[in-house]
């Protein structure tokens, strides 16, 4: 079959851009797609994203509205209401449908209405909006109704608000107005009409029927405004496009055209080739067989009930607006807002609200999450080793957190540690100087020096908790703590056994006391060996190791020592608790007269302080999640050391230095029952 060339000067439907379905269709007007792109650009420039879209119930209205709906969603424009205006306004349901449309627009609280409709449906909607008292809106229209004098002459039309719209850019056709004026004058002459009838008869057609009587009353002033409309040039260009294609097909020159048969389909090739000139303006059909000359943005400017179509911008791929020329209907004549959402700032994500999927609130990204430009619907979590403040667009590396040597709290604890260690050293020197005195011998003699040395080491172990931890330091903390306490408590155990034999088993004391006192070092060594075995199990089953805690602190990574085997940990430290408990059982019930020094009382109070300190340590350590854990461990060590020094050793130093008259065998001998009846 042959293709017939078709050139349209008014068909703007986007469906006609499909060259596979319509290979021989050309047009000299832009596609509705270009118009919709201009409307979307206008909405974006003014920040209007909450709008109503109305179209006439025909191919033009439905097609443009469908294009607008899909494009609006891609540009974050939320359509609160979509409606169609019936074409047959005489139908009974038409009025109800228009009223329902106005009511629905009122409920949405939109301030902007986009209207894709021809003249009559648009007029019907505007009349009903005025009659029903629709508040002033911004109406965005097209030249299908914007340039209509009948639409502009609707009573009280100024009350609808602000009218903006796009009309096609088109030049004037030189001489056209004069041609029409001359033709209009000729029509009114009988000679012209007679000549027209004669020509029609020669052609054998009935072109001129009976004279149109109403046409006699049409004046030149009635048709003059239409002579300058933008729809005139597309007709002119359409005719000239075919003429230029025919000119090229025939191979015409400036002098003449050869005579040759040309079929319609042969012109298609020439329609797609070189551009052609019309009145000095260049035109060319694009790949969709259309010409896009762009649009002008028109504003209905009212001055004393006189309407002017004021150009305020243009669109040729991008929109340029002179906003100062637009006087909106608001009190300050500034553009109104029509938003169900605002443009989210960097660091905020869109949180849907209501039943409109395109409506949302802007919510700040919470801490430790960040906003990515390619995904504005949510916030992405930072990696474990990173952090971010609220409303952030990037993640930052966490700084390491541990107890620094330079921190005031660490310096204060180290000063207290030095004081405690110095006090233990001075006590040891004092005991060494008075090693052979009754009080020092009764307190344990050389065993006391060994216990004081263990306390000094225990105090110095506080340094292991300050500074950046490591796997080795974490292991050393527990081992030193456990072994030093074992060394101290084993000396107390030897002394507690002596006191128990003398006070609770006086009949057996003479035979067993010598064995206990002479082999006290063996007992201490046995206790330490047992603890060393437990420490070895601790090392084998799982010593403490360094772990990075990313959850306790929001912006820092907390370096802490993590216990891998709680069983081995409990055995190692539980052994010291057992030694302390045995010492407590052997000494807490011992009674002496006021004339004797009670050695057992110092051990009892020292053990009590140890147990109370352990209880508080467990309570605090389980609840603290920061560097205060290290502080708690240091405080536990120093409290235990000061408790032992203050209850067991310092009172003896007081007697040695200030009460030397009490440092006698009679005052410092072991308390005994004066009349024991039987061994317990």
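From the backbone N, Cα and C atoms, a Cβ is placed for every residue, glycine too.
Please treat TrEMBL annotations as automatic predictions, because they have not gone through curation.
What TrEMBL annotates here:
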- 409-664: domain 'G-protein coupled receptors family 3 profile' (DOMAIN)
- 409-432: transmembrane segment (TRANSMEM)
- 444-467: transmembrane segment (TRANSMEM)
- 479-499: transmembrane segment (TRANSMEM)
- 520-546: transmembrane segment (TRANSMEM)
- 566-590: transmembrane segment (TRANSMEM)
- 602-624: transmembrane segment (TRANSMEM)
- 630-650: transmembrane segment (TRANSMEM)
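Touching of the transmembrane segment (409-432) and the transmembrane segment (630-650) is concluded from the presence of at least three CB pairs under 8 A, sequence neighbours closer than 6 excluded.
Recorded stretches compared: 479-499, 520-546, 630-650; the one with the most Cβ pairs under 8 Å to the transmembrane segment (602-624) is 630-650. Between the transmembrane segment (520-546) and the transmembrane segment (444-467) there are 3 or more Cβ pairs closer than 8 Å, counting only residues 6 or more apart in sequence, so the two stretches are in contact. Sequence-remote contacts of a segment are chain residues at least 6 beyond its ends whose Cβ falls under 8 Å from one of its Cβ atoms, and for the transmembrane segment (479-499) they are 443-444, 447-448, 450-451, 453-455, 457-458, 461, 464, 513, 516-517, 520, 523-524, 527-528, 531-532, 534-535, 538, 572-573, 575-576, 579-580, 582-583, 586-587, 590, 599-600, 603, 606-607, 637, 640, 644, 670-671.
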